[in-house]
Every structure is written in structure tokens, then in C-alpha cells.
Amino acid sequence: MSSIEWRVSEGLTDYEYARSEMTKRVADIANQEASEMLWFLQHPPLYTAGSSADRRELLMPDRFPVYPAERGGRYTYHGPGQRIGYLMMDIRKHGNDIRRFVHSIEKWVIESLAEFGVTAYSHPERIGIWVDTPDGEAKIGAIGIRVRRWISFHGFSLNICPDLEHFSGIIPCGISEFGVTSLHALGKKVSMSDVDQALADRFPYFLEALQSKEAF
């Protein structure tokens, strides 16, 4: 863990700046000129379009800035009250299995949520982190990873206390039949730093899972 830099940015981080920083860091890691990094931050309100985004799923194109993202997936929302975790890691050093890497991120976030009494789960047909609510299944976290020269970038988002109405400008991840929720909406009034600590506590288990040979 000591070889992986942890960076936590206060306030709101411009998306274009974050993308530029990730691109540079990925190149530096690939060239063995920088350490791996986990970057926790928040963005101002915006939508991002993954490589599979369908323009028809952008319901309010003028509501917030829309940025193309180099990750997989479709449209998603980022904004204040949402913890973004960008992972710039050399997958060759951590199991050399991209599929396992993605599923291990899901497991890491799910186990971190359990520390707040939230039972979350992944779904075999819908990527992301899900919970059951009185209104049915709802998404509380999203996963979107890109890999370049075996170095990961982008990562996950976890809804702590964002304005959930902001998701109405898109069909999140192309899934219209399920809603979105947050820790606060579930009655868990935790802070951003509480969530960061839970993720840090579970991070060694995430690294162990990357090396596991167990099937998903």
C-alpha cells in the first residue's frame, strides 16, 4: 500500500483538469516514472458520456456541461456530494486480470458500504452497485474503467449526499427501469471523510482480492 499514492482533493475539481491529470499520470506509471495513485475528489455538476453512450439517453443536454469520457459505459452524472474514486494502477502488478479488477472494485465499495449498515450488491447483468429500497432496486454507485498499456484510470462514483434530481437529465447508464439513491436518502447521514475512511480500511482486502484465484 505504501507504493500507492493516496490523493484527496478538497472542494470541486474541474473535470477537464482531472482527465488531463489522469492521462499524464497513466503515461508516467507506464513509463515507470511515477507511483500508482488513488485519487478521491468531487466534481461540479456535469454529465459524462462513456464509449457506449446513446444520445437519446441525454434527456436535458443543456442542463449541465457534457463531457466525453474515455471509460466504458453510457451517460452518468457527477456532482457535489458524490465521492469519485479514480484508480491509476498497473493491473499487471495486481493479478493481471481486467475483469477481476472491475469486479474487485465493486466488492471493495460494497464491503465499505457494509460498515454503515448498508446491504449493497452487484448484479450479473447490470454493472454498478445496487441496494434495495421501498421503491425497488436503486443504484448507489457506478463503475467505469479504462485501461491503457495495462494501467487503469477512471474508476467509481458513490452517492453520499448528491442532489438526486440532477440524475433526471439522463437515463443513468442506459437503465430506465431503476432509480438512483444515496447514503443520505437511505438514512445514513455519514460524511465524505467517513466514507473515505471506510474505503481506506477495506483497501487491503481489495488488493488481496485482485490476487485471488477464486471465480466470480
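For all residues, glycine too, the Cβ spot is worked out from N, Cα and C.
Annotation comment: Swiss-Prot describes 32-211 as domain 'BPL/LPL catalytic', evidence class sequence analysis. The average pLDDT computed over the domain 'BPL/LPL catalytic' (32-211) stands at 92.
DSSP classifies GLY73 (substrate binding site) as coil under the three-state reduction. According to Swiss-Prot, the feature substrate binding site maps to ARG71, GLY72, GLY73, ARG74, TYR75, THR76, TYR77, HIS78, ALA142, ILE143, GLY144, GLY155, PHE156, SER157, an assignment based on sequence analysis.
The site 'Lowers pKa of active site Cys' annotation in Swiss-Prot covers LYS139, and the record cites sequence analysis as its basis. LYS139 (site 'Lowers pKa of active site Cys') is surrounded by 23 other CB atoms, counting those within 10 A of its CB over all protein chains shown. In this structure, LYS139 (site 'Lowers pKa of active site Cys') is part of a beta strand by DSSP.
The active site, acyl-thioester intermediate annotation in Swiss-Prot covers CYS173.
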